[in-house]
Amino acid sequence: MKLPIYLDYSATTPADPRVAAKMMQYLTQDGTFGNPASRSHRFGWQAEEAVDVARNQIAELVGADPREIVFTSGATEANNLAIKGAASFYREKGRHIVTCATEHKAVLDTCAQLEHEGFSVTYLTPQSDGSLTLRQVESALRDDTVLVTIMHVNNEIGVVQDIASIGELCRARGIIFHVDATQSVGKLPVDLGQLPVDLMSFSAHKIYGPKGIGALYVCRRPHIRLEAQIHGGGHERGMRSGTLPVHQIVGMGEAYRIAKETMADDMTRIGALRRRLWQGINRIEAVSVNGSLEHGAANILNVCFHYVDGESLVMALKDLAVSTGSACTSASMEPSYVLRAIGLSDELAHSSIRFSLGRLTSEEEIDYAIQLLQKSITRLREHSPAWRAFKAGSE
């Protein structure tokens, strides 16, 4: 067993060796290095064919038509293109957007930018487990609502939103529905042939693909239109200009192909490991789950260790790679806005740690993590006046 143990798979994953090997075939002179937009020679034709294969692999995992897949530089850009693109194109229809206070910053900051441009945004406060009810969403809709954007799986607490019901509601009202599926695709079944979703954002590096590449699903039936946010060449059917990075696209396609084959077995095994981790942690006094074990994704466990400062705990757990929030905000000393949105105090939010498990996580690593947590928390609480007061009050 190698130390430190990586338990931060929701931040990023290592590229699968098969993905890396595939990508190398599209980088050097000995490989397929051409520009897929160069249609006058074989180098371009081969590159275009590789892109088409990858586009099909991605579409197959999510039950989409390959023509509905638009490549971007990552899920952040896909979210920007979906939200800004739809809002701009349909602005004459309405200028009201509905989202959730626990969305990723890639969605929240994009919505905030649209507020500066004259749009009105309603930020729904989730229930204590992080979920939204259909009634909450329905009550927020207005005559001028043009877009609803709700993530499928929350990156910090793992709660799974009922995107099927929300999508049906939006479809009935003629409102565009966007889903950030960065944390769900390749981990939960997604069938866009059945789901009433208009736009869906994907990433590669969350499921053992390369960083710097993502995609946006843009529904053809009903036909969804977007205003391009990047101009210069009209690539990707005019929705996203820029030379396609063939090696990254091929890597994403290979990662999605592998995920389609292994997802069911992976998540059964990872779910068992998460239960094992929680059973061990739950033997520690004064701990609680943030979110829901029952309605959460199998790979994420967010735990509050009462009477322990989270930053001190992370430092004490130098042999564990874990986080106190999302990777995009982990440098901030502010408590997690997601945990505050579900009702935790700043103190409890600061005392919380996210564990996210992956394809390479082993039972041995989980057992080591449990032992280290038990020892570290006992040691840290020995120096905690709040813990001593709690113990004195409970005796």
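Every residue gets a Cβ built from N, Cα and C, even glycine.
Note that the structure is predicted; figures quoted are calculated from it, not measured.
Binding of pyridoxal 5'-phosphate is annotated in Swiss-Prot for Ala75, Thr76, Asn155, Ser203, Ala204, His205, Thr243; the matching candidate from Gln57, Gln136, Gln183 at the same site is Gln183. Of the recorded residues, Lys206 (N6-(pyridoxal phosphate)lysine) and Thr76 (pyridoxal 5'-phosphate binding site) place their C-alpha atoms 13 Å from one another. Counting every protein chain shown, the number of other Cβ atoms lying within 10 Å of the Cβ of Thr243 (pyridoxal 5'-phosphate binding site) is 12. In this view, His205 (pyridoxal 5'-phosphate binding site) is surrounded by 23 other Cβ atoms within 10 Å of its Cβ, with every protein chain counted. Sequence-distant contacts (6 or more apart, same chain, Cβ under 8 Å) of Ala204 (pyridoxal 5'-phosphate binding site) comprise Gly74, Pro210, Lys211, Ile213, Gly214, Gln248, Gly251, Met252, Ala255, Tyr256. Counting neighbouring Cβ atoms within 10 Å of each of the binding-site residues (Thr76, Asn155, Gln183), the lowest count belongs to Thr76. The Cβ of Ala75 (pyridoxal 5'-phosphate binding site) has Ala106, Asp180, Thr182, Ser201, Phe202, Ser203, Lys206, Gly214 as same-chain neighbours under 8 Å, each 6 or more residues away in sequence.
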